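J.: Pasting the relevant annotations from TrEMBL:
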{"type": "SIGNAL", "residues": "1-16", "note": "signal peptide"}
{"type": "TRANSMEM", "residues": "35-60", "note": "transmembrane segment"}
{"type": "TRANSMEM", "residues": "72-92", "note": "transmembrane segment"}
{"type": "TRANSMEM", "residues": "119-143", "note": "transmembrane segment"}
{"type": "TRANSMEM", "residues": "155-175", "note": "transmembrane segment"}
{"type": "TRANSMEM", "residues": "181-201", "note": "transmembrane segment"}
Amino acid sequence: MTAAWLLPIVSPIVAAASGALVAGAMTENHPSHALWTLVTSYVLWGCGVPLAMVVLVMYFQRLALHHLPTPEVIVSVFLPLGPLGSGAFGIMKLGEVANVLLPITGTLPAVKDAMAGGILYILGFAVALVMWGFALVWLFFAVASITRTRFPFNMGFWGFVFPGGVFVLATNQISKELPSGFFKVLTMIFTMIIVLLWIFVSVRTIEKTLTGKLIFSPCVQQYQENRIKMMRCPSGEVDIAPGPSGCGNSATREEMTCAGL
């Protein structure tokens with residue numbers, strides 16, 4: 001199991017956040033359409049976030065009981081920031097739109113319209129703050145993980161950009177809701193880091209594309225290495241480094257055992 005399990009789950013969460021932005025744009029001229037968009041976005045958020053939490057529990061158990069991902073896919077430890085960051089941003093925007101839209105449409109007649117929107121707004125901010133704190137914990141885990149190993153550049157490096165970007169969006173939205181300079185400064189710092197990461201990954205991607213070294217599959221490389229180690233010559237030896245002629249250097253099984261192969 002890897003954090004890549006979160007990739008299909010984050011889609012409805014991102015759609016919910018996008019729906020909140022669309023509903024906010026339609027509130028003034030098309031309130032009925034905005035209401036249905038808002039309700040649909042809440043449903044999408046409910047589909048994605050709880051399922052993401054379940055996967056995060058399973059992923060944390062995997063990390064606690066087993067080893068970290070291989071260096072080629074170690075960047076995937078940043079993926080949990082995706083559903084947490086976009087979920088926090090989305091629920092805040094949904095509450096913000098509900099606070100304005102519900103009094104206009106007369107939704108939830110059993111409760112005063114203004115009170116209903118305000119309740120959703122407050123709950124949205126409280127839930128978002130908790131999710132942001134949980135994302136901060138995963139950010140610490142991810143940074144600690146990549147500092148313990150060296151890892152080659154590959155397409156997985158784009159896993160730095162999106163999860164970090166939505167985490168910055170959530171931080172920025174919190175800074176707008178709270179009269180705190182701390183979150184504003186934090187947003188600025190995180191934004192600069194994400195922009196620099198995007199530039200670095202873009203430049204390296206172009207460079208690797210031009211040199212033809214971008215397409216890299218860690219599982220295929222591991223399979224080839226295992227095949228080389230298990231390849232047996234007619235003499236009963238194991239060919240561990242075949243050369244251009246196909247013979248290469250060979251070693252007995254005992255020598256490979258002593259070498260740790």
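A Cβ is built for glycine as well, from the same backbone N, Cα and C atoms used for every other residue.
What TrEMBL says about a protein is an automatic prediction, not a curated fact.
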J.: For the transmembrane segment (119-143), which recorded stretch in the set 35-60, 72-92, 155-175, 181-201 gives the largest number of Cβ pairs separated by under 8 Å?
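T.: Per the Cβ count, the answer is 72-92.
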J.: Could you pull out which residues elsewhere in the chain have a CB under 8 Å from any CB of the transmembrane segment (181-201), counting only those six or more residues past its ends?
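T.: Same-chain residues near the transmembrane segment (181-201) but 6 or more away: 157-158, 160-161, 164-165, 167-168, 171-172, 174-175.
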